[in-house]
Amino acid sequence: MIGCLILHGFAGSREDIQEIETHFTEKTNWLVYVPDLPGHDGTKDSLKAVTYKHWLLKAKYALEELLERCDTVYLIGFSMGGVIASYLSVHYRVDRLVLISAAAFYLNPKQLASDLTGWAVEGLRGELSEDEYYLLYRDKLQNTPVKATIEFAKMVRKIRPHFSEISVPTLIIQGEKDGLVPVKSAEYIYNEIRSEDKEIYFFPEAKHYIWHSGEKESLLKRIDQFLHDKQ
(Lines of atoms letter the chains of each structure in order from A and count residues from 1; the text may use other names and numbers.)
(Lines give C-alpha, C1' and ligand atoms only; values in the text may rest on other atoms or scores of the structure.)
Protein backbone atom coordinates (compact mmCIF):
# COMPACT_ATOMS: atom_id res chain seq x y z
CA MET A 1 0.00 0.00 0.00
CA ILE A 2 1.07 3.58 -0.68
CA GLY A 3 0.87 6.13 2.11
CA CYS A 4 0.98 9.90 1.77
CA LEU A 5 1.59 12.38 4.57
CA ILE A 6 0.54 15.96 3.78
CA LEU A 7 1.62 18.73 6.16
CA HIS A 8 0.03 22.18 6.33
CA GLY A 9 1.75 25.50 6.95
CA PHE A 10 2.36 27.80 9.90
CA ALA A 11 -0.80 29.29 11.45
CA GLY A 12 -2.81 27.19 9.02
CA SER A 13 -4.77 23.94 9.15
CA ARG A 14 -5.67 20.97 7.00
CA GLU A 15 -8.40 23.15 5.47
CA ASP A 16 -5.68 25.21 3.78
CA ILE A 17 -4.49 22.16 1.85
CA GLN A 18 -7.87 20.50 1.42
CA GLU A 19 -7.65 20.76 -2.37
CA ILE A 20 -4.54 18.56 -2.32
CA GLU A 21 -5.94 16.14 0.26
CA THR A 22 -9.20 15.74 -1.67
CA HIS A 23 -7.33 15.11 -4.91
CA PHE A 24 -5.43 12.15 -3.50
CA THR A 25 -8.26 10.69 -1.44
CA GLU A 26 -10.61 10.75 -4.44
CA LYS A 27 -8.19 9.86 -7.25
CA THR A 28 -6.09 7.16 -5.55
CA ASN A 29 -6.45 4.28 -3.12
CA TRP A 30 -3.59 5.61 -1.02
CA LEU A 31 -3.70 5.94 2.74
CA VAL A 32 -3.60 9.73 3.16
CA TYR A 33 -2.79 11.39 6.49
CA VAL A 34 -3.27 15.13 6.98
CA PRO A 35 -2.72 15.92 10.67
CA ASP A 36 -3.63 19.23 12.26
CA LEU A 37 -0.40 20.34 13.91
CA PRO A 38 -0.65 21.25 17.64
CA GLY A 39 -2.00 24.71 18.39
CA HIS A 40 -3.39 25.18 14.90
CA ASP A 41 -7.09 25.50 15.68
CA GLY A 42 -7.34 29.14 14.61
CA THR A 43 -7.01 30.69 18.08
CA LYS A 44 -4.13 32.71 19.50
CA ASP A 45 -4.22 30.97 22.87
CA SER A 46 -3.73 27.52 21.37
CA LEU A 47 -0.82 28.61 19.20
CA LYS A 48 0.74 30.40 22.17
CA ALA A 49 0.74 27.20 24.22
CA VAL A 50 2.99 25.12 21.96
CA THR A 51 6.55 25.11 20.65
CA TYR A 52 7.98 23.98 17.33
CA LYS A 53 8.92 20.69 18.99
CA HIS A 54 5.22 19.85 19.32
CA TRP A 55 4.79 20.36 15.56
CA LEU A 56 7.75 18.12 14.77
CA LEU A 57 6.54 15.38 17.13
CA LYS A 58 3.01 15.32 15.71
CA ALA A 59 4.34 15.02 12.16
CA LYS A 60 6.86 12.38 13.26
CA TYR A 61 4.20 10.20 14.92
CA ALA A 62 1.94 10.44 11.86
CA LEU A 63 4.81 9.40 9.59
CA GLU A 64 5.81 6.51 11.84
CA GLU A 65 2.25 5.17 11.72
CA LEU A 66 2.21 5.40 7.93
CA LEU A 67 5.55 3.60 7.70
CA GLU A 68 4.16 0.76 9.81
CA ARG A 69 1.16 0.36 7.53
CA CYS A 70 2.56 1.12 4.07
CA ASP A 71 5.30 -0.22 1.80
CA THR A 72 5.77 3.11 0.01
CA VAL A 73 5.43 6.53 1.64
CA TYR A 74 5.35 9.98 0.06
CA LEU A 75 5.76 13.26 1.91
CA ILE A 76 4.08 16.48 0.74
CA GLY A 77 4.72 19.68 2.68
CA PHE A 78 3.30 23.16 2.19
CA SER A 79 5.16 26.22 3.54
CA MET A 80 6.24 25.36 7.11
CA GLY A 81 4.98 21.85 6.39
CA GLY A 82 7.61 21.67 3.66
CA VAL A 83 10.32 22.47 6.17
CA ILE A 84 9.06 19.74 8.51
CA ALA A 85 8.70 17.25 5.65
CA SER A 86 12.27 17.95 4.58
CA TYR A 87 13.54 17.23 8.09
CA LEU A 88 11.56 13.99 8.30
CA SER A 89 12.85 12.83 4.91
CA VAL A 90 16.38 12.92 6.30
CA HIS A 91 15.55 10.82 9.36
CA TYR A 92 13.03 8.31 7.99
CA ARG A 93 12.77 5.98 5.03
CA VAL A 94 10.47 7.81 2.65
CA ASP A 95 10.27 7.34 -1.10
CA ARG A 96 9.48 10.80 -2.49
CA LEU A 97 9.31 14.35 -1.24
CA VAL A 98 7.17 17.19 -2.61
CA LEU A 99 7.79 20.72 -1.33
CA ILE A 100 5.25 23.47 -2.10
CA SER A 101 6.20 27.04 -1.14
CA ALA A 102 8.60 25.55 1.41
CA ALA A 103 9.81 28.20 3.85
CA ALA A 104 13.57 27.71 4.09
CA PHE A 105 13.49 31.51 3.99
CA TYR A 106 10.46 33.70 4.56
CA LEU A 107 9.04 37.07 3.56
CA ASN A 108 9.40 38.66 0.15
CA PRO A 109 9.38 42.44 0.86
CA LYS A 110 9.08 43.50 -2.78
CA GLN A 111 6.06 41.28 -3.41
CA LEU A 112 4.48 42.19 -0.07
CA ALA A 113 4.78 45.87 -0.98
CA SER A 114 3.08 45.16 -4.30
CA ASP A 115 0.30 43.24 -2.53
CA LEU A 116 -0.21 46.03 0.02
CA THR A 117 -0.46 48.61 -2.77
CA GLY A 118 -3.04 46.47 -4.52
CA TRP A 119 -5.05 46.05 -1.33
CA ALA A 120 -4.95 49.82 -0.71
CA VAL A 121 -6.46 50.41 -4.14
CA GLU A 122 -9.08 47.72 -3.55
CA GLY A 123 -9.87 49.30 -0.19
CA LEU A 124 -10.57 52.64 -1.84
CA ARG A 125 -12.85 50.89 -4.30
CA GLY A 126 -14.61 48.93 -1.54
CA GLU A 127 -13.47 45.62 -3.03
CA LEU A 128 -11.31 44.17 -0.22
CA SER A 129 -14.06 41.87 1.02
CA GLU A 130 -13.89 40.09 -2.35
CA ASP A 131 -10.11 39.52 -2.29
CA GLU A 132 -9.48 35.94 -1.18
CA TYR A 133 -5.79 36.50 -0.52
CA TYR A 134 -6.37 39.61 1.58
CA LEU A 135 -8.90 37.76 3.73
CA LEU A 136 -6.52 34.82 4.17
CA TYR A 137 -3.59 37.03 5.17
CA ARG A 138 -5.74 39.19 7.46
CA ASP A 139 -7.09 36.18 9.34
CA LYS A 140 -3.62 34.66 9.75
CA LEU A 141 -2.18 37.94 11.02
CA GLN A 142 -4.99 38.49 13.51
CA ASN A 143 -4.70 34.99 14.97
CA THR A 144 -0.92 34.54 15.10
CA PRO A 145 0.83 35.46 18.37
CA VAL A 146 4.40 36.76 18.36
CA LYS A 147 5.53 33.80 20.49
CA ALA A 148 4.41 31.36 17.80
CA THR A 149 6.19 33.34 15.09
CA ILE A 150 9.38 33.13 17.14
CA GLU A 151 8.94 29.35 17.45
CA PHE A 152 8.49 29.12 13.69
CA ALA A 153 11.70 31.09 13.11
CA LYS A 154 13.57 28.87 15.60
CA MET A 155 12.46 25.77 13.76
CA VAL A 156 13.50 27.08 10.36
CA ARG A 157 16.95 27.95 11.72
CA LYS A 158 17.28 24.49 13.25
CA ILE A 159 16.23 22.62 10.12
CA ARG A 160 17.84 24.76 7.39
CA PRO A 161 21.28 23.06 7.72
CA HIS A 162 19.64 19.67 7.16
CA PHE A 163 18.49 20.44 3.60
CA SER A 164 21.94 19.37 2.42
CA GLU A 165 21.24 15.88 3.82
CA ILE A 166 18.15 15.24 1.69
CA SER A 167 18.83 12.32 -0.63
CA VAL A 168 15.32 11.22 -1.67
CA PRO A 169 13.80 12.19 -5.04
CA THR A 170 12.38 15.68 -4.55
CA LEU A 171 9.99 17.99 -6.38
CA ILE A 172 10.13 21.69 -5.42
CA ILE A 173 7.28 23.99 -6.45
CA GLN A 174 7.20 27.76 -5.93
CA GLY A 175 5.04 30.71 -6.92
CA GLU A 176 7.04 33.68 -8.18
CA LYS A 177 4.59 36.19 -6.69
CA ASP A 178 4.65 34.67 -3.22
CA GLY A 179 4.86 37.46 -0.64
CA LEU A 180 5.51 35.10 2.28
CA VAL A 181 8.17 32.78 0.86
CA PRO A 182 10.66 34.26 -1.63
CA VAL A 183 11.84 32.52 -4.78
CA LYS A 184 15.31 32.24 -3.25
CA SER A 185 13.90 29.72 -0.78
CA ALA A 186 13.10 27.22 -3.54
CA GLU A 187 16.41 27.92 -5.26
CA TYR A 188 18.31 27.40 -2.01
CA ILE A 189 16.63 24.06 -1.34
CA TYR A 190 17.24 22.85 -4.89
CA ASN A 191 20.92 23.77 -4.71
CA GLU A 192 21.42 22.34 -1.23
CA ILE A 193 19.82 18.91 -1.47
CA ARG A 194 22.14 16.14 -2.54
CA SER A 195 19.57 14.00 -4.33
CA GLU A 196 20.40 13.56 -8.01
CA ASP A 197 16.70 13.05 -8.73
CA LYS A 198 15.36 16.54 -8.12
CA GLU A 199 13.04 18.87 -9.99
CA ILE A 200 12.08 22.51 -9.51
CA TYR A 201 9.12 24.28 -11.06
CA PHE A 202 8.02 27.90 -10.81
CA PHE A 203 4.52 29.26 -11.38
CA PRO A 204 5.20 32.82 -12.64
CA GLU A 205 1.87 34.34 -11.55
CA ALA A 206 1.19 32.29 -8.42
CA LYS A 207 1.22 33.54 -4.85
CA HIS A 208 1.76 31.54 -1.63
CA TYR A 209 -1.36 29.40 -1.91
CA ILE A 210 -0.66 28.28 -5.45
CA TRP A 211 -3.98 26.45 -5.82
CA HIS A 212 -5.81 29.75 -5.14
CA SER A 213 -3.95 31.44 -8.00
CA GLY A 214 -5.80 29.73 -10.83
CA GLU A 215 -3.09 27.06 -10.99
CA LYS A 216 -4.75 24.23 -9.08
CA GLU A 217 -5.01 21.81 -11.99
CA SER A 218 -1.47 22.53 -13.20
CA LEU A 219 -0.12 22.11 -9.67
CA LEU A 220 -1.85 18.78 -9.13
CA LYS A 221 -0.74 17.57 -12.56
CA ARG A 222 2.90 18.34 -11.71
CA ILE A 223 2.65 16.45 -8.43
CA ASP A 224 0.86 13.52 -10.09
CA GLN A 225 3.53 13.23 -12.77
CA PHE A 226 6.29 13.23 -10.18
CA LEU A 227 4.64 10.63 -7.95
CA HIS A 228 2.75 8.37 -10.35
CA ASP A 229 5.39 8.20 -13.08
CA LYS A 230 7.89 6.83 -10.59
CA GLN A 231 5.76 3.94 -9.32
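Note: Cβ is positioned from N, Cα and C throughout, glycine not excepted.
Per TrEMBL, the feature active site, nucleophile maps to S79. Among the features that TrEMBL reports, active site, charge relay system is placed at D178, H208. Residues or ranges marked as substrate binding site by TrEMBL: F10, M80. Annotation comment: TrEMBL describes 4-212 as domain 'Serine aminopeptidase S33'.
Annotated features taken from TrEMBL, shown on the structure.
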{"residue": "F10", "record": "substrate binding site", "Cβ neighbours (10 Å)": "27"}
{"residue": "S79", "record": "active site, nucleophile", "Cβ neighbours (10 Å)": "28"}
{"residue": "M80", "record": "substrate binding site", "Cβ neighbours (10 Å)": "27"}
{"residue": "D178", "record": "active site, charge relay system", "Cβ neighbours (10 Å)": "27"}
{"residue": "H208", "record": "active site, charge relay system", "Cβ neighbours (10 Å)": "25"}
Secondary-structure category, per DSSP, in which M80 (substrate binding site) falls: helix
The residue listed as 'active site, nucleophile' as reference: those recorded positions from F10, D178, H208 with C-alpha within 10 Å of it: F10, H208
Average model confidence [pLDDT] within the domain 'Serine aminopeptidase S33' (4-212): 89
Inter-residue Cα distance where the pair is D178 (active site, charge relay system) and H208 (active site, charge relay system), in Å: 5
